[in-house]
């Protein structure tokens, strides 16, 4: 009898202090702008410069697309809330945020694993690199990443949105994050949480294990060489990917695999900010500053513009 048909949710977001909200709006606006500009620039450079038409940059291009879409899914609405334009979101809008959030997060999990395999083949099997990492395999890995993200993201979102919800319809988050929305359900959500945990095992721990195995093999190969130049080249190409992997998987494990604690609800907001703003804004910066080819492509692009 307590079930209610909700047409909208209230996003509690951050502090109600006007000064703090304005400061957060300024900070988040800068990070969101950096995310859009940085990832768009990486995408354009890869598309325009034929020297970057290789498997590594092909996957980096897809990563830039995922980061732009990931941030644009919830950050604009969050910025509007910080300006006091209303904290409500329709049920359809909330479902869309959950759906897209899961799709892009799961896609990036598989995409980062594919990028580590590319680095493993490039360093451990350089003479067979072109043969192994052919364009058919690259397209297949990219298609599988998107297909897996869409399939399992749709499954989890569908199960969550079919639940009956009870009042109050207040989501203790700055967007419709699936765990925060499940707390409002007036029925048992054990199946939903078990599915989320199972998906985390499959798409966090399993890809992370593959990434660690790839880099252990890379480390073993590098240790057998005595060339300092080869060491520098290896760590310059793999270091950026390891930083991105550490940020992405580290946050994900803490968010979805550490036991939930009601007293640490703010932790989920902070970690979600890393996913929505910090990681996407850092990815192009990490790759551009640590990658010689990207910096050279940027200089050539500036020269053509002049």
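Glycine is treated like the rest: Cβ placed from N, Cα and C.
All annotation found in TrEMBL is predicted automatically rather than curated by experts.
According to TrEMBL, the protein has these features:
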TRANSMEM  24-48  transmembrane segment
DOMAIN    38-287  domain 'G-protein coupled receptors family 1 profile'
TRANSMEM  55-73  transmembrane segment
TRANSMEM  98-117  transmembrane segment
TRANSMEM  129-152  transmembrane segment
TRANSMEM  194-216  transmembrane segment
TRANSMEM  237-258  transmembrane segment
TRANSMEM  270-289  transmembrane segment
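With a cut-off of 8 Å on Cβ pairs spaced 6 or more residues apart, the transmembrane segment (129-152) and the transmembrane segment (270-289) reach fewer than 3 such pairs and are scored as not touching. Here the transmembrane segment (55-73) sits against the transmembrane segment (270-289); at least 3 CB pairs are under 8 Å, leaving out pairs fewer than 6 apart in sequence. Residues of the same chain lying 6 or more positions beyond the ends of the transmembrane segment (237-258) and with a Cβ under 8 Å from any Cβ of it are 56, 63, 105, 108-109, 112, 115-116, 119, 122-123, 179, 196-197, 200, 204-205, 208, 211, 215, 218, 267-268, 271-272, 274-275, 278-279, 282-283, 286-287, 290-291. Model confidence over the domain 'G-protein coupled receptors family 1 profile' (38-287) stands at 84, taken as the mean pLDDT rounded to a whole number. Within the chain carrying the transmembrane segment (270-289), a Cβ under 8 angstroms from the stretch's Cβ atoms is held by residues 28, 31-32, 34-35, 38-39, 41-42, 60, 63-64, 67-68, 70-71, 73-75, 78, 105, 173-175, 177, 240, 243-244, 247-248, 251-252, 254-255, 295, 298, all 6 or more beyond its ends.
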